[in-house]
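Noted in TrEMBL for the protein shown:
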TRANSMEM  110-128  transmembrane segment
TRANSMEM  163-185  transmembrane segment
TRANSMEM  197-215  transmembrane segment
TRANSMEM  244-261  transmembrane segment
TRANSMEM  273-294  transmembrane segment
TRANSMEM  365-388  transmembrane segment
TRANSMEM  400-422  transmembrane segment
TRANSMEM  428-451  transmembrane segment
TRANSMEM  458-483  transmembrane segment
DOMAIN    514-601  domain 'STAS'
Amino acid sequence: METNNACTMHSHCIEMSMEVHQVVPPPHKSTLQKLKGRLKETFFPDDPLRQFKGQPLKRKLILGAQYVFPILQWGPKYNLKLFKSDLVSGLTIASLAIPQGISYAKLASLPPIVGLYSSFVPPLVYAVLGSSKDLAVGPVSIASLVMGSMLHQEVSPTTDPILFLQLAFTSTLFAGLFQALLGILRLGFIIDFLSKAILIGFMAGAAIIVSLQQLKSLLGITHFTNQMGLIPVMTSVFHNIHEWSWQTILMGICFLVLLLLARHVSIRKPKLFWVSAGAPLMCVIISTLLVFAIKAQNHGISVIGKLQEGINPPSWNMLLFHGSHLDLVMKTGLITGILSLTEGIAVGRTFAALKNYKVDGNKEMMAIGFMNVVGSFTSCYVTTGAFSRSAVNNNAGAKTAVSNVVMSVTVMVTLLFLMPLFQYTPNVVLGAIIVTAVIGLIDLPAACNIWKIDKFDFVVMMTAFLGVLFISVQGGLALAVGLSTLKILLQITRPKTVMLGKIPGTDIYRNLDQYKEAVRIPGFLILSIEAPINFANITYLNERTLRWIEEEEDNIKEQLSLRFLVLEMSAVSAVDTSGISLFKELKATLEKKACVGQSSC
């Protein structure tokens, strides 16, 4: 009677209707079946063999060939209308690829002709093996910078150019083998350790380092540091102020302003994409004619010099698999392979999402990997899909990978017949082209967005940025990856736990800190665990749960009013054998605590 009267007198008395649902164990599976299922979810989440089920043998062979060579899938449907679009886009990206190829090869401390070689063979391989319609293949600034700086640590490209070239080709081979192996073994999730925050910080830092390196060309300095850090570069710039050439500086400023203006026009009006795409080649042509007309090479302006004519010579006889530099080329191949693979796949997926088609990440890894393996045999260094070229390719209306073939043929014609025309191209223009290209890698809006969303990710981003600037390219990357791994470990070992309350008038329970209208249930402590429970976090969860109880008891007057602990585990995806002991320990601790409170057991 007293209880009924109490409920009548207190309008807040809570009525709880409970429905009981039987929980049954999942269907029985043998250990082999469980292992098979786990391996399938780990390495084949997209189930690539699904298309082969129920198909006759002939159809399976055709599907298999199309999977390995995507060109067999869209090639039979190719027509003249598609070719017209690909022809325009291919010629457009060729006008950008030729000056960029020469510039990026110099950035990697390689002969300029190697940059053009790398814009000829790899695009042909990708057209056969690649699955992206928009990816424009060739050398990129980040991989060029990293390869040049890493190889430069042990070998000088000026005193021993042949050995430096051999190491570059061998590093490219290891990069390609590593990339292809990731695709074949379906280990693409490894590159996911390079988070968006890391890439934004790394690319911004690398863009600044690349731009500062171009001060050698833009100022006309002949004795320049071989180091990549911000302090050594700026020290070298001001230490050699007596080498500055006003003619070079004037020409550099003029063409840099012209290139930046063309870039600005294309950004403001995307339909005028051809302005920024054709600007680098126009600058090369104009500057070359200017230098030839006024004999500017005799007035302090350095030029490329004579370039070798002809298509790519074979380079398999230049690969080194022995000696003291083997560790260096393997390490260089690994780092440049990961960076170029990350950029290529990210660019491919970006444009695939815009055009509503799918790009298979593992197939892309194999395509880029085999492309670099073949490239290492044909005098090419590391290549991938470049964002600037791919954006131009997309805006120019590319429909298939044939645009890469058109670009490759255009570069081939240049290699065979037009190389003497580049003899008087000034290095200062190549420096201006590089600076203009890498400016787009600095993404300030994305950095501000990361600051708003996740402060720890912002710290990771700044670590990558400052590490590249003040330590080294690979050092900054390693620090940022280490910090990101620490974040993952903290999330595993220190999972989030929150207190839940009931939304009035509903049966919904939500976080008390996020839902101000949620109210606590008297006598109940409802905690939500939002992570898998395993050996790495059971100690923390035990201690944190007991602290929740102590804090709750400190906030209420009657010590015995807290009667029930409810663990809401809908967000817990797995509990291992160690995790089961957590509940046993909690139960024993709480029973002992109850006995002490009642002064009897």
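Backbone N, Cα and C define each Cβ position, glycine as well.
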| request: Report yes or no: does the transmembrane segment (244-261) come within contact of the transmembrane segment (458-483), defined as 3 or more CB pairs under 8 Å with a sequence separation of 6 or more? | output: no
| query | What same-chain residues lie close to the transmembrane segment (365-388): Cβ under 8 Å, and 6 or more beyond its ends? | reply | 96, 100, 105, 108, 110, 114, 117-122, 125-126, 129-132, 135-140, 143-144, 147, 168-173, 175-184, 188, 312-316, 319, 336-337, 340-341, 343-345, 347-348, 437, 440
| task | Mark yes when the transmembrane segment (428-451) and the transmembrane segment (273-294) have three or more Cβ pairs under 8 Å (sequence separation 6 or more) and no when they do not. | result | yes
| request: Using a Cβ cut-off of under 8 Å, list the residues of the same chain at least 6 residues beyond the transmembrane segment (110-128) that approach it. | output: 69, 71, 97-98, 100-104, 135-139, 148, 157, 161, 164-165, 168, 304, 307-308, 311-312, 367-368, 370-372, 374-375, 378-381, 383, 401-402, 404-405, 407-408, 411-412, 414-415, 419, 422
| query | Any chance the transmembrane segment (458-483) and the transmembrane segment (197-215) have 3 or more Cβ pairs under 8 A, given the pairs are 6 or more apart in sequence? | reply | yes
| note | Sequence-distant residues near the transmembrane segment (428-451) by C-beta distance (under 8 Å, 6 or more away from its ends) are 99-100, 102-104, 106-107, 141-142, 196-197, 200-201, 203-204, 206-208, 210-211, 214-218, 220, 248, 251-252, 255-256, 259-260, 263, 280, 283-284, 287, 301-302, 304, 387-388, 457-458, 461
| request: Using DSSP, break the domain 'STAS' (514-601) down into helix, strand and coil residues and give each count. | output: 42 helix, 14 strand, 32 coil
